[in-house]
Amino acid sequence: MTLQALSPVNCTGLLQPGCSLLQLDGEILLFGQKGWPKRSCPTGVFGVRIKHSEMKLRAISFSNDSCYLPPLRCPAVCRLDPYDGLPESYLIHGGRTPNNEISSSLYLLTMDSRGCNRKLTLKCKEKELVGEVPGARYGHAMSIVQSRGKTACVMFGGRSYMPAGERTTERWNSVVDCPPQVFLFDLEFGCSSAHTLPELSDGQSFHVAIAREDSVYFIGGHSITSDSRPPRLFRLRVELLQGSPLLSCETLDFGLSISSALVTRTGPGHKYIVLGGYQSDSQKRMECNTVILDEKGIHIEHLEPPKWTQDIIHSRTWFGGSAGDGCILLAVPTEGRPSQPDVHYFYHVSFQQEKESNEEEGTQACSQESTDYDNSTPLEDSEELYFGREPHELENSSDDEGDIYNEEDEEDESQTGYWIKCCLGCQVDPNTWEPLYSTELHRPAMIFCSKGEEGHWVHAQCMELSETLLVKLSQGSKKYFCLDHGGLPYQEMTPPRQIIPVKRTPMKVKERNGPLMLKMSPAKKSFFKRLFD
């Protein structure tokens with residue numbers, strides 16, 4: 001195993017505790033970054049590239065028929081391997097938004113296409129659940145189980161805000177453990193059902209959930225009620241019968257006292273590595289374990305950890321995620337050192353053997369000839385991939401360089417463009433803005449206030465406009481005023497433009513041929529007249 005320090009390239013501000021790392025089509029994706037990004041990546045999903053001890057982020061685009069995916073922190077993320085002809089995908093449920101709102105939505109994230117220059121495009125769809133639907137929460141876990149030829153999703157644990165009837169002034173935003181219910185829903189029809197088991201009597205969050213076939217193992221976790229991390233280990237077995245499913249739970253006595261651990265799978269089998277986490281609020285867990293699932297059950301073995309650096313040992317917190325099979329991206333804060341401009345130190349932890357790592361590097365070197373963006377040649381008809389760039393800028397440039405996120409490239413939009421303070425009571429913040437209307441994706445909707453010498457633009461959200469009224473105003477040629485200039489009661493029609501008629505001069509005909517006249521003598525005329533009469 002190796003521990004390698006990484007040098008981030010102007011992207012440290014986007015990786016914060018609570019973000020998630022996904023792997024789709026062999027590419028590592030960062031989801032749930034800090035706040036809402038600006039123009040560089042309106043979708044909020046970045047591709048992570050680790051090469052030559054450097055870490056770079058590049059913007060990932062969504063398809064046109066995708067729904068809005070908020071930047072969720074600490075959601076339940078579950079990977080769906082390809083089955084029944086369906087592609088690999090991810091289920092994302094719950095999580096906290098940058099405004100500390102807890103979500104209850106379920107999203108399905110899949111790969112939409114690969115561009116001619118290997119540019120990845122994702123598709124996101126929101127799935128609706130019916131029946132006993134789980135409430136908003138974060139810090140929970142989801143797993144996929146397969147039984148009797150059927151596939152279902154298991155959800156357990158998490159935290160949420162205290163119910164409205166139990167809130168007080170002092171504990172208005174306090175979080176509590178969600179009830180220890182197991183939610184089971186199928187992915188085809190979205191039917192959800194809640195199950196209560198006597199073995200699961202306490203709520204828990206930030207635990208490890210690993211599944212194999214019809215069994216899910218819950219390891220560790222933190223309980224707010226007892227403020228403890230007991231060494232718990234549960235085995236949940238799900239039988240997807242023809243009628244209603246049958247759930248059973250078994251308590252095992254060789255669990256781990258751990259929470260917020262990082263898990264990575266080593267290869268296609270059911271062998272995992274559990275790294276990091278916390279033993280208490282002020283003590284990190286510096287050990288590693290190998291978890292193996294087979295027909296007999298679960299086996300947890302001790303694994304020699306990497307040689308930690310002093311920054312990792314003395315840090316109070318750490319976070320990260322799986323960066324591929326047997327690899328973990330680890331981050332620790334700089335603890336407020338004034339001489340360190342970056343917010344975090346980043347490390348790449350690899351648990352592969354030296355032989356396997358050399359083979360992996362060899363395969364990556366071969367595959368990069370076709371997947372590396374530096375060596376790819378864009379087609380001539382792919383102009384949409386270079387929108388806004390001049391033809392001369394495409395020479396001696398690569399798609400990778402153009403899509404790398406660079407914080408220094410961001411302009412200050414607080415005073416210009418769509419982030420202007422439109423009115424005295426403007427509530428739109430560029431750091432926390434989220435779409436309010438279904439038509440918004442890259443920027444907030446605005447209307448033009450005609451009051452004043454030159455007029456000014458106003459956010460439609462600050463005007464408290466409904467989406468129906470916004471669409472109606474955009475279709476007509478009306479004058480309207482903001483709340484500071486009288487609101488919207490006038491709805492006057494814009495006077496029509498005075499159109500000067502175009503004076504048309506008829507073309508002068510050079511020669512005009514008249515009707516054909518035949519010259520006949522009076523005798524011939526008399527003959528034809530008597531003939532037709």
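Note that Cβ sites are derived from N, Cα and C of the backbone, with glycine treated the same way.
Please treat TrEMBL annotations as automatic predictions, because they have not gone through curation.
Annotated Zn(2+) binding site per TrEMBL: CYS422, CYS426, CYS449, HIS456, HIS459, CYS462, CYS482, HIS485, in sequence order. According to TrEMBL, the compositional bias 'Polar residues' annotation covers 364-379. Annotation source TrEMBL lists compositional bias 'Basic and acidic residues' at 386-395. Residues or ranges marked as compositional bias 'Acidic residues' in TrEMBL: 396-413. Marked as domain 'Recombination activating protein 2 PHD' by TrEMBL: 417-495.
Across the binding-site residues listed here (HIS456, HIS459, HIS485), the residue whose Cβ sits among the most other Cβ atoms within 10 Å is HIS459. Its Cβ taken as reference, CYS482 (Zn(2+) binding site) is surrounded by 26 other Cβ atoms within 10 Å in the chains shown. The binding-site residues considered are CYS422, CYS426, CYS449, CYS462; of these, CYS426 has the fewest other C-beta atoms within 10 angstroms of its C-beta. As a whole-number mean, the pLDDT of the domain 'Recombination activating protein 2 PHD' (417-495) in this prediction is 69.
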